[in-house]
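Written below as structure tokens is the structure these notes are about.
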Amino acid sequence: MVINNQNNNNQNNNQNNNNKNDNLNNSTTTTTTTATTTKSSTLFHSNDFFSGLIAGIVSRTLTAPLERIKILNQVEVILKDGTKYNRIIPAFKVIIKEEGIAGLFRGNFVNIIKAGPQSAIRFYSYGAFKRMASEPDGSISVINRMWAGASSGVVSVALTHPLDVIKTHITVIAPTAATIKNVTKGIYRDLGIIGFFRGLSAGILNIAPFAALNFTFYETIKEKTQQYILKSPPLYAPSIYGAISGGLTMTILYPLDVVKRRIMLQHFDRNQLPIYKNFIDAIIKITKTEGISALYKGIRPAYLKVIPTVSINFLIYEGAITLFEKK
């Protein structure tokens, strides 16, 4: 009887220990899951996405005429009578005369469809990458900030590049009455699915450094201004930071955009070879046949487009973030 009682007591003790271990394991699992969920939720902020979406739509719409003139100027060598677009004011007059005021906004609908999501994804992913690379106290090095910007650029352009191809064809080649559906069918019919990704490598090489430099310039200027000049800057301050960062970035990286547009717009039958085989080949041929200055064709309207675009983009983004955070 004594032995049986002792065995029963031992079994009860073992069961209690097992229950304690199970509770401890469940507690640990719950804590780990909660920590992972919390970390994930702190990395990704929906406010970044929606603020970026609004900023992209507004800024692109306001600068649509300059965007069209810039692209026409970049690819004038491909177009018949393309030289009529090589000066800003005359280009405005030509477009209005031939197509009316609406011609200045040709392709803007698809431009918005592309610019809105691209801006949303870029700000959303940049916020996540930046928080991922930040120190516990919130500080972040210049290198990590550039990495976050470059990564956000790659993600955004990879997901929206087909829209960029469609937008460029509507803006430059397609007739005024062309629809997104018709242009999409035409690209697929003539070039296949690969046609929607023509120029993607150049696009990534373009946007990755642009986003890296643009975000880094913007946040550095903002940070240093608040640290040494104005601790409480006015509401319009983001537009000034954005204008400066956009101008600096454009000057450094503009040639990549020219090459990307040239590659995207070269047309050829299936029995013919393309004008440019790849990104490097395009740079060599452009500089050899047209000179280095060809890589900067359209930079003046580009300044007039990019500087206001980046300026408005950051201004609207910061304003939207402030409004969302107050709710």
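Glycine too: its Cβ is placed from the backbone N, Cα and C atoms.
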Recorded membrane side (Swiss-Prot) equal for Gly192 and Asn278: yes
Of the residue ranges 49-66, 283-300, the one that Swiss-Prot records as transmembrane segment: 49-66
Among 107-127, 146-166, 193-213, stretch most in contact with the transmembrane segment (239-259) (C-beta, under 8 angstroms): 193-213
Residue counts (helix, strand, coil, in that order) that DSSP gives for the repeat 'Solcar 3' (233-323): 71 helix, 0 strand, 20 coil
Among the ranges 49-66, 107-127, 146-166, the one whose Cβ pairs under 8 Å to the transmembrane segment (304-324) are most numerous: 49-66
PLDDT averaged over the residues of the repeat 'Solcar 1' (43-132): 83
The topological domain 'Mitochondrial intermembrane' (128-145) - residue tally per DSSP class, helix then strand then coil: 10 helix, 0 strand, 8 coil
Non-local residues, at least 6 beyond the ends, that sit with Cβ under 8 Å of the transmembrane segment (107-127): 44-46, 48-53, 55-57, 59-61, 64, 67-68, 148-149, 151-153, 155-157, 159-160, 163-164, 166-168, 170-171, 180, 211, 215, 313, 317
